[in-house]
Amino acid sequence: KVYLFNVKDSCRVQSSGLKGTVPSQAPPIIFAVPTKVVSETGSVAHYMGINKVPELQMIFQKTDGAPVHLKRGVMDKMLYRTMMGLTIGGTLYCLMALYIVAQPRKPQ
Amino acid sequence: MAHQAHAYHMVDPSPWPLTGAIAALLMTSGLAIWFHFHSTMLMTLGLVLTLLTMYQWWRDIIREGTFQGHHTPPVQKGLRYGMILFITSEVFFFLGFFWAFYHSSLAPTPELGGCWPPTGIIPLDPFEVPLLNTAVLLASGVTVTWAHHSIMEGERKQTIQSLALTILLGFYFTALQAMEYYEAPFTIADGVYGSTFFVATGFHGLHVIIGSTFLAVCLLRQIQYHFTSEHHFGFEAAAWYWHFVDVVWLFLYVSIYWWGS
């Protein structure tokens, strides 16, 4: 076997890890609630947030007949109405602007 | 509600193709109005509508696939073909700019001094920042592959870390290129050298930004548990696009930066 350093020597060196500083037995828990062991949290550890996909799947599969772009209710409706407002308003503005600039300039 | 007797996806009626088309109309007319009448209102409105359309259209695709389960294997196959065809069209887009570059550089006209680089042009040293950029993009290709393998093996933390690293490398590339652009001894107006250089590398840079954004969206989706180890096409599409961007850079580097100096 090949080691990166002499195993015997590492016992004497502080920088070889936690060997000298961490007690071999966990200290008795006095105040805190015992931290949950990972195996007790369920099969998936919660790194950066919990899984909300099943909940969202329930929302989006509701048989309320709403199309997918309106499925989430009020927020979707507001955004849609804003968009259509801007779209229609923008179209009219654009057509007007093009009509105006298409007029021949007055002779000087 | 009637259940479909087939595996394909009959999409709900959607307003986004219309808003997207109107947005394109407003952007292009707005561009003309800006050029001739100095008003940016129409163009800005077009840009806002384009961004909102993209956000909502792709949000709806995520809803249809991840939350409603419409992306069955045949549907996914269609999405794969679609992405491949799109990337192919982008390859042809860049081919045009490479054609322009080689047209001008293989037979430099007397007006340029009969040589390439043309007389008076000080090209960038290909073994300085451009070489670093090459290393950065190649490294990002490695990290995105690492991310893919992590997804397939169900390693959530590693996926998030490697994907984040890929995006950071993409930003690093963009920052380095921006600095190069600022410090370059020639401009886009410096004859055909300037035009071919900045148009080709400029469009490439835009694609790096698009690719980084796509990967960032994938990172957000990965954090929100959208991807499974078997089904993560959104990520694969982003990774394909990223590899495409990387390959285009390699061609740019060898042709314009190295051979062209």
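Every residue gets a Cβ built from N, Cα and C, even glycine.
Curation plays no part in TrEMBL annotations; they are all automatic predictions.
According to TrEMBL:
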DOMAIN    B:4-261  domain 'Heme-copper oxidase subunit III family profile'
TRANSMEM  B:16-35  transmembrane segment
TRANSMEM  B:41-58  transmembrane segment
TRANSMEM  B:79-102  transmembrane segment
TRANSMEM  B:129-147  transmembrane segment
TRANSMEM  B:159-177  transmembrane segment
TRANSMEM  B:197-220  transmembrane segment
TRANSMEM  B:240-260  transmembrane segment
Surrounding residues of the transmembrane segment (B:129-147) on its own chain - C-beta under 8 Å, 6+ positions past either end: 158-159, 162-163, 165-166, 169-170, 172-173, 176-177, 179-180, 215, 235, 239, 242-243, 245-246, 249-250, 253, 257
Best-contacting stretch, by C-beta pairs under 8 Å, relative to the transmembrane segment (B:240-260) and drawn from B:16-35, B:41-58, B:79-102, B:159-177: B:79-102
Among the ranges B:16-35, B:41-58, B:79-102, B:159-177, the one whose Cβ pairs under 8 Å to the transmembrane segment (B:197-220) are most numerous: B:159-177
For the transmembrane segment (B:16-35), distant same-chain residues with Cβ under 8 A (at least six beyond the ends): 41-47, 49-50, 52-54, 56-57, 60
